[in-house]
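Below is one structure; the comments refer to it alone.
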């Protein structure tokens, strides 16, 4: 595709683009086509003058603008036809009854020039494949052999005049290259107007995105939808953080349980019912450590003092036993405290989500 010469539309110079795309090179400029148009105007003036320079028809002709060109860059079929004669090429009206009676398959031709409402473009065969070289497209459009006849028929229905280019076209690099290879086109070229509209839309979207980013940085006010989005994202991140914290707490509890199970003296049954309060946990923990201290004193005391210590601590032991009857082990108390903490966090999270 890169070797194919394709001029894109500039102003109303579609006739120039049509000819150069047909010949595959910068063969004609607006100045050269204007010169041909002026020559045709002069020939028409001379023919009109044959009827008399004082005639009404001649004066009317002089007052009318040129029919071969205008200030926008449009050139007539006569200008295009005369320009092609320089290269030994001629135009035949494809959709004329005379040509249609010949029943020539379009595939057997080499190129076409199409015109509708002062717009000209070329359809040409390069190598063994057909291409639409319309200057209004962003690039050459590949046309399959089976689609060519349908494409031309569609143009006729839309009101296009189609001309067959007869004669030997000048050699070009694209034609030589495509004689050896066949190309494939994954994406059809767009019209230049569509591409410009798409680029404009992308610029608008980029501007809107930059404005949103600027607002999110704190330099503007968030609208209601953006505030809801930011709140939802914040809650989502908070939930993820809480899940990570819960996982870390569970791992810490598991390690603690593994460490304390080696030093446990006896199993204390866990009380049933609701979770104890922090004050109850504190009292039970004091009773547990008091009992541990008494046991250590008994183990370190001489045999003669053992009876005295047992009598001295009988009252406190009984009170501690009554409390420990309903108390919890150290790992159970730690588990209960963590559970209460997690329930508090979840409650706060739900309250924040409702807001």
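Backbone N, Cα and C define each Cβ position, glycine as well.
Because TrEMBL annotations are produced automatically, they should be read as predictions rather than curated entries.
Listed in TrEMBL:
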- 14: active site (ACT_SITE)
- 14: active site, nucleophile (ACT_SITE)
- 119: active site (ACT_SITE)
- 119: active site, proton acceptor (ACT_SITE)
- 134: active site (ACT_SITE)
- 257-276: compositional bias 'Polar residues' (COMPBIAS)
- 277-289: compositional bias 'Basic and acidic residues' (COMPBIAS)
- 320-333: compositional bias 'Acidic residues' (COMPBIAS)
- 1-180: domain 'Josephin' (DOMAIN)
- 257-338: region 'Disordered' (REGION)
Please compare the active-site residues 14, 119, 134 by how many other CB atoms fall within 10 Å of each one's CB, and tell me which has the fewest.
-> 119
Measure from the CA atom of residue 134 (active site) to the CA atom of residue 14 (active site) and give the result in Å, rounded to a whole number.
-> 9
How many whole Å apart are the CA atoms of residue 134 (active site) and residue 119 (active site)?
-> 10
Looking only at the domain 'Josephin' (1-180), mean pLDDT returns 92
